[in-house]
Amino acid sequence: MLLAVLLLLSLPGPPSAHGYPPYMRLPPSTLQALSAQGTKALQTAQRSARRAVNLVAMEIQHRLHECRGCADRTTPCAGPGRPRPQAPLLQDPPEPGQCGERRRDTVNVTLARGRIVGGSAAPPGAWPWLVRLQLNGQPLCGGVLVAASWVLTAAHCFAGAPNELLWTVQLAEGPRGEPREEVPVNRILPHPKFDPRTFHSDLALVQLWTPVSRAGAARPVCLPQGPREPPAGTACAIAGWGALFEDGPEADSVREARVPLLSADTCRRALGPGLHPSTMLCAGYLAGGIDSCQGDSGGPLTCSEPDPHPREVLYGVTSWGDGCGEPGKPGVYTRVAVFRDWLQEQMSAAPSSREPSCRELLAWEPPEEPLADAAPPCAFYAHLCRGPKGACAPLARQQCLQRRRRCELRSLAHTLLELLRGAQELFGPRPGVRPLAPALARSARSLQELPRHPTREQRLHAGSPAAGAPWPKRRPEQRGDVHDCPGLEPLRRRLAALQDTHAWILQVPPERLAMDFQEVLADLGSKTITGLFQAWVRAGLGGQHVVFGGLVGLEPATLARSLPRLLVQALQAFRLAAQAKAEPRRAQSGAGQSWKLEGKEHHPSGSPLPEARQPRATFGPPASGSWGLNEEERLIQHLFKEKGYDKELRPVAHPEDSVEITLALTLSNLISLKEVEETLTTNVWIEHGWKDSRLQWDAEAFGNISVLRLPSHLLWLPEIVLENNNDGSFEISYSCNILIYPSGAVYWLPPAIFRSSCPISVTYFPFDWQNCSLKFSSLKYTAKEITLSLKQEKEEDGRSYPVEWIIIDPEGFTENGEWEIVHRPARVNVDPSTPMDSPGHQDVTFYLIIRRKPLFYIINILVPCVLISFMINLVFYLPADCGEKTSVAISVLLAQSVFLLLISKRLPPTSIAIPLIGKFLLFGMVLVATVVIVCVVVLNIHFRTPSTHVLSEGVKKLFLETLPRFLHMTLPEEGGPGPGALVRRSSSLGYISKAEEYFSLKSRSDLMFEKQSERHGLARRLTTARRPPAGSEQAQQELLSELRPAVEGANFIVSHMRDQNNYSEEKDCWNRVARTVDRLCLFVVTPIMVVGTAWIFLQGAYNTPPAQPFPGDPFSYQEQDRRFI
């Protein structure tokens, strides 16, 4: 709302008694709300003004320090061969295509069998990124230049001397042997997880006080583009000034060698458990002889990448080793690719996010009077303060000054230490000096000595003295002006202009920085076509009062729309009043303006407004155009007709220029995800932003119009479409109006309902999560014509950050009942392998990582499936005689088939993977089919008879004696009826069958004549014959002849019953074998079903989305974790 420009209205003269419409005074509650908002606007304006002035003042102080340092020869001077040093806290400008490239006039003579230990000198200029870290002027470690202001080295180099004032960096020499340049160190940033005992995360970033010039010999090496590293066996190069052999002297020149990378297993076997493969790699020959040594710590391990241009990429930093070139002991290097995100974060961090270094504080000149906002070096302490901003600035200044004094004392102590050491060496032992020797030695050791570990040898210079050359003494800075300091006068003019522009707000004390709207009178007879009324406003600020005209609404909707404009008009009125007070002639040149100075209201005519007339102030008819009527129409005519706007042309000045398009996505509703069609339906708002210089205008010339709303078909559009749509509609269906601002900024926020393609992974259904993306790009313009980027927001402190996530408005977002949003990152993807003329070179992708809520499927599918599958165990309890065993098993199989059919309708017909519940049903169906086969076998065994199958003794022993004991089955009692005993259940049917069989043995004629003969014989015996006497031989023969058939019949019956009992007993044994098989299958199938079910569904229980959206990227892409630019 602060972008609008003031519309000052001419106040009418004193109202007459007749013919004027009545007026209305806004209620006090509205005035209080307006005053509160005005106070916030004033505070924001004052903070912005002070920040702008402080930044320029800080830049002047830096420039003065550089010029004084140049005069004292302590810092490099600006000149034609070296540009003016920039502020060390600024991010290095990008240098595409320059990292890792060697100069053409240098030749790499490194041999495959070259050695650092032993000597193989590198040609001058062959390692332009290799630097040397010096402690008190003495070399201690190597380093690698990775950016214009940053050097990467080993963290253990600073374990005993973290004071940046003691360190300097010696850059690489030129190809012709030019002298090496020394640059002071501004900041030392060891990795926060560095462990000096295990050398874990042995990396440190060193920030230079002045950036390295592009025209010099030094240039940075390339960092890995991703987490991938060259495979084992790749020949990579190492270099350094290290010792020629273990505990030997250092080399006079840079030495280089090529060593192969070794696999993690080889390194672990060679170096033992002390190697951490997650952050360390090793390289070298197991035969020994080629290795880095003491003094090479922090040096590079680079590998060549030929495509697209030959360059060297840094994959390792020399860390430690077991000896130098020992057999079976390769050198250990810290992986750079693992820490690439940390390196980028540290090198691109904002200045206020870190505590100022001692060099920055010593170069800072504190202002004589404390400012309301913290100065740039002290902004870090202001951010830590959680109190009111007015109270935080003094506390931040106090902490900043205390740290500056500690830095001065540290610098002074170091200077005195060097002076005392020099005096003791020059004059020898003197009275008064000897007592200082122990303290002197202890101080020197505390600054110099580093921890030594017997099992791990640091690659430091073994012979580095405890105290090196004295640090250059700081000359007292001259408080006067510095003559011939280039760039100082433009900065001073800029500072004066800023102070003059913001004087109206800076001169107001913070305790009086409050806007007070005292009265707002609305003329009820002056309603405009927009529903607003002419109003007279009186407001106060810090003892200064103004009276101005404006527009106000009396209804809730129009009042809310008009209040921000009144705030802007009040700010402009106070600004003009302050300028009029400073320049009276400017106050007389503004026609139609009125303000109040020093407690008296003034009108442009010069006559004061009487206090008695103010409550009855009314308005006459306004002049033409004074109320902004038809100003939009005139502005549109100016933009489209007078300036000749053409929507078919890109908004660029030159054809080779590119239009930057910023995008943001607001998710209103995740409507549905149809798995069968693999379609995601979402309701979103697509936020577009770009700048069109052809749509700029002077707001004051067009009625203070701050924003212009036009239909989208009248303007140039970037034609951003959804590439992965599923309904063939690439364009936005509803085109809302576009907002245009006087600066040419264009803002477009159209709503849309998208049906995008979402590849479904059905492996863990229904415990799955999906990664659905919305990919936007322009099919009409290439990467040479437009540049896609994410929208950037600004904090109150002026820091900006990209919106790297999908925006969700908690009030307008409707949560989906089936899916839960886990991650919603956004990225700008650039494919370097695709030419820039291709539409696929760049795109902006918004990712939706969603997780299914499985409760619906658990209740309606999983629980019934599990219960039905476990019913198969009941089959083994059914007796075989019932005849329903196979019926139950087949019924379970059919039920599982029905559920499998239901699931197939919910998932896409893919052959890539089988869903989790499909695996369970398939497992159950295979098991049920096996049970059906077992049931058929059991029934076959149960109905076997001795006439068809013979029960062997082995089967008897296994199924009737051994297995029943293990299966807890009841065995028949011992001592029961024997095999030949009659069985009680033998009925008379056996005897009847035997009788029938007996009579079937004799023919019918024999039976008939036998009966007849018996009848005739009996008659004859009764009439004529007499039985022989008992005991006679004849009598015995006759008796025997009569009993023999009866005995034979009885023997036949007994034999038949014995055969029948044996038959029944063997049949019972087959039944018992069938029951044993049933019990055995029950004990086998039940654990298989339980274990298989648990194993299948536990896979889904542990299938959770990743903790971070992208593998290898620790950034969470959420509002709470912002990356400031």
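Cβ coordinates come from backbone N, Cα and C, glycine included.
TrEMBL does not curate its annotations; it predicts them automatically.
Here TrEMBL flags 1-19 as signal peptide.
For 77-102 (among others), the entry in TrEMBL reads region 'Disordered'.
Residues or ranges marked as compositional bias 'Pro residues' in TrEMBL: 82-96.
Annotated domain 'Peptidase S1' per TrEMBL: 116-348, in sequence order.
The annotation region 'Disordered' is assigned in TrEMBL to 451-481 (among others).
Marked as compositional bias 'Basic and acidic residues' by TrEMBL: 451-460.
Marked as region 'Disordered' by TrEMBL: 582-624 (among others).
As annotated by TrEMBL, transmembrane segment applies to 855-876 (among others).
Sequence annotations record features per position, and here TrEMBL assigns transmembrane segment to 888-904 (among others).
Within the same chain, residues 763-768, 857, 861-862, 865-866, 869, 872, 875, 880, 885-886, 889-890, 892-893, 896-897, 899-900, 903, 907, 1074, 1077-1078, 1081, 1085, 1088-1089, 1092-1093, 1096-1097, 1099-1100 sit at least 6 positions outside the transmembrane segment (916-939) and bring their C-beta atoms closer than 8 Å to a C-beta of that stretch. Feature annotation from TrEMBL assigns transmembrane segment to 916-939 (among others).
Distant neighbours of the transmembrane segment (1080-1098): 767, 862, 866, 869-870, 872-873, 876-877, 916, 919-920, 923-924, 927, 930-931, 934, 938, 963, 967; these residues of the same chain sit at least 6 beyond its ends, with a Cβ under 8 Å from one of its Cβ atoms. The feature transmembrane segment is assigned by TrEMBL to 1080-1098 (among others).
Same-chain residues lying 6 or more positions outside the transmembrane segment (855-876) and placing a CB less than 8 Å from one of its CB atoms are 765-766, 818, 885, 888-889, 892, 895-896, 899, 902-903, 917, 920-921, 924, 927-928, 931, 935, 1078-1079, 1081-1082, 1085-1086, 1089, 1093, 1097. Across the domain 'Peptidase S1' (116-348), the prediction's mean pLDDT works out to 84.
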